[in-house]
């Protein structure tokens, strides 16, 4: 008499499709980021002339959008396909990448807390470099304007930092009408004025500093951000914890599915 042994071992559908659902969101978000970044580059003509990226001394925000999109697309794709096809290599890649990103975020947070002066100097240097390129990229210009307008600040340390930009520099030989002025986002808004006056910062730094406070923000954006952080520490901590929990949940799902697949393969090998 012959006996046949049928293996009923199967991979858990809960882990499999929960991980797939988890990753499909990130994959679609990655596609959206990539599409938005490529569209922004096409509008600026970068796709036809890539030297426009290398020629910008400051940060092109589109590059950051594209990098985020590439990472999210890659990890989402690896997680989705790895879960559906029960591919251990893709799942281990996804899990390892999430662990690396989580540890990198943790290291950056610890370093920022321990070396605050060094971080402050790097932020100052970064802001000054972007001030130099203020008129070179419309996306960078909009970000700086939004930062100054929302935080009621001007420049990195103060309005004098706009001397780093050739168009606003007081001592240059430039014939720019903006010479010795500041961008309109540095101006104190007039509640009665419905239309934004983009020329409100013209020639303001030719006046004495005592007159600045009546027309423009005199606090630097670094000091404004330093004051903003303690007031919103719970929001920042909440966002960091939420992102960390999502990453830990993804790692748990991937590790559980990997263990499940390995157990099924070991069971079916006998």
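Cβ atoms are placed via backbone N, Cα and C, with glycine included.
Look at TrEMBL and you will find 20-42, 62-84, 91-115, 233-254 tagged as transmembrane segment. The feature disulfide bond is assigned by TrEMBL to 153-186, 154-170.
Nonlocal intrachain contacts for the transmembrane segment (62-84), taken as residues 6+ away from its ends with a CB within less than 8 angstroms of a stretch CB, comprise 16-17, 19-20, 22-38, 40-41, 44, 46, 53, 90-91, 93-94, 97-98, 101, 139, 250, 254, 257. Within the chain, the transmembrane segment (20-42) has long-range Cβ neighbours (under 8 A, six or more residues past its boundaries) at 62-63, 65-66, 68-80, 83-84, 94, 139, 249-250, 253. In this structure, the CA atom of residue 170 (disulfide bond) is 17 Å away from the CA atom of residue 186 (disulfide bond). Within the set of disulfide-bonded residues (170, 186), the lowest number of other Cβ atoms found within 10 Å of a Cβ is recorded at 170.
A simple way to gauge crowding: the CB of residue 154 (disulfide bond) has 28 other CB atoms within 10 angstroms, across all the protein chains here. Here the Cα atom of residue 186 (disulfide bond) is found 5 Å from that of residue 154 (disulfide bond).
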